[in-house]
Amino acid sequence: MLDSQYFLPNDVGISPLDCREAFQLLSPSEQLYAHYISRASWYGGLAVLLQTSPESPAVYVLLQRLFRAQPPSELQSLATSLTDEEYQALLVYAAGVYANMGNYKSFGDTKFIPNLPKEKLKDLVWQSQAFQDNPSEMEALWSSCGDRMYSLEERQKQLGLGDKGITTYFSGNCGLEDAELAQKFLDSKNLSAYNTRLFKKVEADGKRCYEVRLASAVKEAAAVDGEADNKCGSFEFEGATFRVLRGDYAPLMRKVAENLKKATAYAANENEKRMLEEYSRSFTLGSIDAHKEGSRYWIKDKGPIVESYIGFIESYRDPFGSRGEFEGFVAMVNKAMSARFAQLVSSAEVLLPELPWPADFEKDLFLKPDFTSLDVLTFAGSGIPAGINIPNYDDIRQTDGFKNVSLGNVLAVAYATKKEQITFLQEEDKDLYVAWKGPSFEVQVGLHELLGHGSGKLFVQDEKGNFNFEQKTVRNPETGELISSWYKGSETWDSKFSTIASSYEECRAECVGLYLCLNSHVLSIFGHEGTNADDLVYVNWLAMVRAGLLGLEFYTPESQSWRQAHMQARFVILRVLLEAGEGLVTLRHTTGADGRPDAIISLDRSKIRSVGQPAIARFLCRLQVHKSTADVEGGRALYERYSAVTASEPENFLKLRDTVLLRKETRKMFVQANTRVKGDAVELLEYEGSAAGLIRSFTERFHEDGEELEKELLELSRADSPCWC
């Protein structure tokens with residue numbers, strides 16, 4: 001049972017992301033604009049391989065060589081020693097590597113390995129056309145990744161820092177104290193961690209020396225192209241030496257910048273043009289300041305036909321919570337659904353005062369953002385979310401605003417549910433759950449992104465000593481005392497709350513969604529009234545408590561750590577609602593019809609407003625107060641208390657975790673289209689929704705320069721290899 005979590009099942013759902021209609025509605029210029037930003041995104045997305053595990057680049061190249069030389073159907077004819085199930089397991093593994101951009105799950109951070117014997121896979125590689133064409137190269141590839149591809153040594157089972165797991169954001173000899181020291185250094189230099197990695201060396205005299213590597217096409221440390229603020233150099237800090245260097249992922253960043261420059265010729269307006277110029281400068285020089293400037297132009301670009309964003313964005317997979325994983329997306333606007341989200345934006349100033357914290361803890365001015373529903377053409381990175389609220393830069397969010405997007409064609413596929421697949425619910429709840437899971441999640445995503453991530457004020461004292469709040473009047477609603485802590489200088493939410501920042505913020509946003517989905521005006525915006533509205537609210541709350549139970553899959557008892565920010569957040573909410581008592585949520589151990597351990601979770605819909613909403617209001621206020629006041633100690637104590645997974649009765653969450661693993665669901669994978677310029681037109685290439693289709697989409701994605709890219713990936717990986725020992 002426990003080992004099954006490290007395999008992807010042969011029947012995993014794999015679906016194509018349909019965007020043909022939306023793409024065909026674009027003008028020729030808009031299609032070219034979308035094409036070149038897609039290319040930039042796909043090139044940059046390869047950096048995720050280098051951000052995931054030491055072996056991920058070599059595994060990726062091995063699979064690319066194998067399937068580019070022979071498509072899956074042809075390779076199978078050589079797989080005489082493999083059963084049909086074993087060959088399908090190989091295809092599913094390859095699809096998983098492509099979909100996750102590495103051999104660790106993007107949602108959960110656990111390793112997955114091929115579900116077929118290692119020697120059989122090696123034999124197939126040796127029989128393949130790729131091996132016949134270049135035996136020494138394929139043998140070297142297998143030698144570099146074969147053992148590690150299959151290894152389930154304790155530390156290699158999940159991503160983590162130090163002895164808690166594997167990470168390539170840090171060298172293998174870094175621990176939490178190194179990450180904390182590096183963050184203090186970066187803060188002292190007003191240098192963002194988003195596009196960095198940290199490598200530690202210990203000199204013969206015992207002195208620590210750290211390399212902070214900036215992702216950039218340029219490798220020179222000296223200022224270039226009239227660069228105003230070059231932050232490279234060697235610095236002494238608290239008894240250690242820090243060297244800030246450029247050139248991490250250099251060949252990939254060069255490709256990103258080149259394609260963004262090509263897209264500039266097809267920009268629809270000056271904001272898009274300036275945005276792309278700043279992004280290109282950011283990836284060329286390794287400048288987060290340039291990326292911030294590009295993000296400001298992006299926010300100003302209201303209602304574009306083609307929406308996109310690109311960069312080192314989400315910090316979920318950095319064990320310390322400060323470094324961003326590369327992602328880039330391109331999508332087309334779904335006008336009908338976007339109209340509903342626009343209504344929600346228009347209502348935001350009425351809805352924000354409904355949130356359960358004092359007005360002083362809300363932003364001084366709500367900067368109305370774009371909120372659009374998009375059909376994804378390209379989403380390069382380790383996974384595809386349902387919705388996004390960006391940029392993540394605190395200073396921009398507070399003063400310039402942000403944008404929200406809901407990914408409509410992702411929602412349509414990812415959250416389609418069949419009754420027989422639903423676990424842990426009462427039979428009488430399942431039909432309602434199937435009917436309302438999609439519509440309720442649409443509402444939850446809208447509230448989560450716009451009024452969850454978009455709400456709340458951070459109390460800040462800037463570098464000149466100025467405060468953005470009234471020190472003599474603003475009081476903590478929990479204690480009644482004047483505010484005594486705040487963010488200072490270059491401190492940010494991520495740098496202060498570090499390891500818990502991502503999950504804590506997702507929990508806050510999820511709570512906002514639960515709290516405001518009870519608002520009749522919100523429900524009417526999405527077209528739900530009367531009994532339908534009541535059913536939607538019930539299923540939204542039921543889905544949340546069920547997700548809290550499912551979240552146990554992403555907890556590792558050995559290290560007492562959570563591997564997925566959203567699922568930790570949902571478990572915390574489950575704990576809060578169980579603690580509310582009065583029979584609101586009931587959770588019991590049972591035995592299933594198959595004789596195996598099972599569990600049932602139920603929700604008393606008559607008590608959602610009377611018991612559930614007040615409980616969420618109290619907890620949500622506490623989350624916001626700790627966040628606003630930079631109270632790391634209080635926020636961490638609160639969040640870690642509700643995150644604890646114990647064997648205490650009556651729930652016995654550790655026992656429930658075994659049950660959840662026994663009946664766990666596998667996250668779907670998506671097959672994305674490619675675009676290719678033919679003459680003056682852009683061709684859309686689509687693929688079937690299968691493991692073979694997903695593999696083909698990747699082998700054709702870099703049809704012009706695939707081998708060159710793969711060599712560069714291997715060179716980058718080999719250069720880093722001593723750091724992972």
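For all residues, glycine too, the Cβ spot is worked out from N, Cα and C.
Annotation comment: TrEMBL describes GLU449 as active site. Same-chain residues at least 6 positions away in sequence with a Cβ under 8 Å from that of GLU449 (active site) are, in sequence order, PHE371, GLY387, ILE388, ASN389, ASN404, VAL405, SER406, ALA509.
Marked as Zn(2+) binding site by TrEMBL: HIS448, HIS453, GLU506. Sequence-distant contacts of HIS448 (Zn(2+) binding site), defined as residues of its own chain at least six apart whose C-beta falls under 8 angstroms from its C-beta, comprise GLY387, ALA509, GLU510, VAL512, GLY513.
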One finds that other Cβ atoms within 10 Å of the Cβ of GLU506 (Zn(2+) binding site) number exactly 22
For Zn(2+), residues beyond HIS448, HIS453, GLU506 with C-beta within 8 angstroms of the site's Cβ centre include exactly ASN389, GLU449, GLY452, GLU505, ARG508, ALA509, GLU510, VAL512, GLY513
